[in-house]
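Over in TrEMBL, the protein carries these features:
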type	residues	note
COILED	676-724	coiled coil
COMPBIAS	118-141	compositional bias 'Basic and acidic residues'
COMPBIAS	243-276	compositional bias 'Basic and acidic residues'
COMPBIAS	461-476	compositional bias 'Acidic residues'
DOMAIN	1-47	domain 'HTH myb-type'
DOMAIN	1-43	domain 'Myb-like'
DOMAIN	44-93	domain 'Myb-like'
DOMAIN	48-97	domain 'HTH myb-type'
REGION	101-144	region 'Disordered'
REGION	227-278	region 'Disordered'
REGION	424-479	region 'Disordered'
């Protein structure tokens, strides 16, 4: 109600925004949580209750996509409350759903239409609003019940009392203090009449620094470590004031700043300042308000879009028109064919008064994001039939899935008067290409290279090509260069010789590999090193045979033996059939008509292209079959691989935990008995000390009781003597009277 809101605002103005329990005691049937929610959700003056702007809607939809259901985090960024953000978000989703149903024709006439989301969320008669703190206040009833009237009267009385305690409580305290004072005075009079004079002890309101310790902090009971206090370095604040240690307070700084501004204004204006000193405070207050308003919100600069047609473009259009007229004037006497080749630029005169072309209307980004978020909310899990929710892109009729979003380019705005370009990679007029990125260097064509349509030998190597010399090389320089090349080759050949040949050591003239292997293997035992020694002996025999053939001794160079040695070396090497077939495969092409491998130059271009298309279609069919056959296995393999990885990670974590707890168990088994023994010794020490202290306490208590009994006997004796003296005095007074 309006009355409760006014009482709540008055109570917050008096008690602040922290004492919600005291504030709620002023209202009937209201908890502290409800009072706090009502203030922060509706009554706070900083809450914006205006219409939502498009910028706020876009920011809300963007943040809701990034941080779904985190309205307490989204609200400060948008500048609204969490409830306002949630209600606006639901409203946008409802509008998107209604628009989509309208486009699809799902809204039937009359009773056939399904209830909207707003109708479902609306409260029915008899239902209770779960969030009444965020709704406007209801009008006050004409006839209030007794509880509400009592609440208003009590709130009026409590809010009107601004002095602190109530008057009744103050009067009661004063009455109790006066009764206490009279009782003490009566006691003193009775004791004085009885002859007992008590000395008046004046109560010291301050602190006796000789008897007490100011700011004393008693240590906590028990044992604690003081090594940190001993290591702490404390230096006395010598030469520093208390104000400097406590730092300046903000009001003092503001007051000093205000006085400084007044002093500067007085020095600048001189004598005329006497008439304006009374306006300084008002001026300072106005400046402060302006600063606060500027800090709360700055007006953004108005940013207008650039002109679609600039001055330079207009000049180009005029020049084009003048060029056309000049050309028609030059060929004015020509033939009809010449006149048809020239365009008519007179239509530009009528376009001078035309409006600047505008861009095509864009879609509503807010409704687009609302539809996407609604599709994400209503979608099933990704495992359900392996589907993902559709998303809207540039136009309302284009729906793509989440997986397709990765390959879609950013939509560019439609620029008027721009030259139309081809439709993208799939355009008919575009050159066929592979999956490389636009603007990149064209890659190889695997199928064409496989069919040897573009043989590598027929293409020149641009990198290897060297430009011709600018001048003819001198013969002497050419001979010197060739000599240096020959010497370098000879030096490299000499460096490749074995050490035996290079040093001229003795070696056999003729080498029989089989006999040499038998001689080297004599005396070999069957052990683990037999295979290693055999390999070493084989390598030694090959080196000796190579040196005897390539670097023969003088007088032993027999051509027939050299040929046999080369044949033996070639036969000892293993033939790589795959390498041989690859080299032959690159040089030949398969002819489908003759079913043979022929030279690529003997086939026609049409035949090679047809064969390439046929092979491509076969490869596509085989790829589809493999996708169908192996698709399930690949998915199953990925799932099993993920499960194995997770199980391995869990095993590693479990092993680490097991080792940690095992080490902890060993340490505890070693350190536990020692701690138990130390605790037992400490308990025994404390028990002995407590027993001694108890005995000491019993002894002192006994002495106290003895002292009290002696004091009681002495008091009775003194009272008897006082009564005797009083009786003697009364007897003397009666005798004298």
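The backbone N, Cα and C atoms fix where each Cβ goes, glycine too.
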Outside the compositional bias 'Basic and acidic residues' (118-141), at least 6 residues beyond either end, the same-chain residues with a Cβ under 8 Å of its Cβ set are 1-5, 34, 37-38, 41-42, 81, 83-84, 90-91, 94
For the domain 'HTH myb-type' (48-97), give the DSSP counts of helix residues, strand residues and coil residues.
37 helix, 0 strand, 13 coil
Could you tell me how many residues in the compositional bias 'Basic and acidic residues' (118-141) are helical, how many are strand and how many are coil under DSSP?
7 helix, 0 strand, 17 coil
Residue distribution over DSSP helix, strand and coil in the domain 'Myb-like' (1-43)
31 helix, 0 strand, 12 coil
